[in-house]
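S.K.: Have a look at this one.
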Amino acid sequence: MEKVLVFGHKNPDTDAICSAIAYAELKKELGMNAEPVRLGEISGETQFALDYFKVEGPRFVETVANEVDNVILVDHNERQQSANDIESVRVLEVIDHHRIANFETSDPLYYRCEPVGCTATILNKMYKENGVAIRKEIAGLMLSAIISDSLLFKSPTCTEQDVAAARELAEIAGVDAESYGLEMLKAGADLSGKTMEQLISLDAKEFQMGNAKVEIAQVNAVDTNDVLVHQAELEKVISAVVEEKGLDLFLFVVTDILTNDSVGLAIGKAANAVEKAYNVTLENNTATLKGVVSRKKQIVPVLTETFQAL
């Protein structure tokens, strides 16, 4: 039987890795020769989950057409986020929870996209719909994906469906979702050994907001002071990026996974936009952003609206 590769996006997070493993297992149970693979390095958070539930990580690939004709995408659909040669293979299925953009196929396909916080939440339904029991280890990985994407149910992207799925999966996995989740998030928040350049580029995205060119980077931490103790060095490398890219604003967001607040470090000529957006005053280029954890829902739209009004 011809093999089908199942994979998440480049720079994979825990959902991209764990949902690829979980869906490949379901497809195998249903008779398909499916193999999970990954398009990037495994993060510390994801490795913690794999080690905890004693599951081997998928192998790394950059291209897929040299191996297979057919693939399944999880946790993404946009071409630029997928395998380098995605245009050379047939996409059989997409299981996702993001916007649909830059995606078209030459053949009909099974496409399932739901407005939930995590792909694994959808997969939990699909296991039930197909009458397939979820193994303890796989349930643990799916739970890990939901905890990661929802920041232990605190993110505004989290839905009641995500919480309900997590409770079911935690029971199967034999763990307490809260205590295990905090342990996993802490593992992901261990930034020791990272250079300042790595810290500001671990999870950075560039945006055009009105006439302003803005970059927003975000890291999770158990204590924001562990990161901000290096503020002088951070400002130095951020200023270099601002100059190199011609940015109007670089906002470096350090999110405390225990309090679910963030501290924003704003550098650039348009740093005052952060003050207007959040009704705060920057002191030494920083401000506390109470209750802000999601770049997608709580930072990008708010700053965009502010810049458009300037």
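Even glycines carry a Cβ here, placed using N, Cα and C.
Sharing the feature lines straight out of Swiss-Prot:
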- HIS9, ASP13, ASP75: Mn(2+) 1 binding site (BINDING)
- ASP15, ASP75, HIS97, ASP149: Mn(2+) 2 binding site (BINDING)
S.K.: Distance between HIS9 (Mn(2+) 1 binding site) and HIS97 (Mn(2+) 2 binding site) at the Cα atoms, whole Å?
M.R.: 12
S.K.: Taking the recorded Mn(2+) 1 site as HIS9, ASP13, ASP75, identify the other residues of that chain whose CB atom sits within 8 Å of the mean position of the site's CB atoms, giving them in sequence order.
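M.R.: The answer, listed by sequence position, is GLY8, ASN11, PRO12, ASP15, ALA16, ILE17, SER19, VAL74, HIS76, GLN81, THR119.
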S.K.: Apart from ASP15, ASP75, HIS97, ASP149, which residues in this chain have a Cβ no more than 8 Å from the mean position of the Cβ atoms of those residues at the Mn(2+) 2 site?
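M.R.: Going along the sequence, the neighbours appear as GLY8, ASP13, ALA16, SER19, ASP96, HIS98, GLY117, CYS118, THR119, ALA120, ALA145.
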S.K.: Can you grab the distance from ASP149 (Mn(2+) 2 binding site) over to ASP13 (Mn(2+) 1 binding site)? Cα atoms, rounded to a whole Å.
M.R.: 9
S.K.: Taking 10 A as the limit, how many CB atoms besides its own sit near the CB of ASP15 (Mn(2+) 2 binding site)?
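M.R.: A count of 31.
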S.K.: Can you tell me how many other Cβ atoms are located within 10 Å of the Cβ belonging to HIS97 (Mn(2+) 2 binding site)?
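M.R.: Here the count is 24.
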S.K.: Given ASP13 (Mn(2+) 1 binding site) and HIS97 (Mn(2+) 2 binding site), what distance in Å do their CA atoms have, once rounded to a whole number?
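M.R.: Cα-Cα distance, ASP13 (Mn(2+) 1 binding site) to HIS97 (Mn(2+) 2 binding site): 14 Å.
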S.K.: Given a separation of at least six residues and a C-beta threshold under 8 Å, show me what packs close to ASP75 (Mn(2+) 1 binding site) in the same chain.
M.R.: GLY8, HIS9, ASP13, ASP15, ALA16, SER19, ALA20, ILE95, ASP96, HIS97, HIS98, THR119
S.K.: So if I draw a 10 Å sphere around the Cβ of ASP149 (Mn(2+) 2 binding site), how many other Cβ atoms end up inside it?
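M.R.: 24, counting other Cβ atoms within 10 Å of ASP149 (Mn(2+) 2 binding site).
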S.K.: Sort ASP15 (Mn(2+) 2 binding site) into helix, strand or coil using the DSSP assignment.
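M.R.: ASP15 (Mn(2+) 2 binding site) sits in a helix per DSSP.
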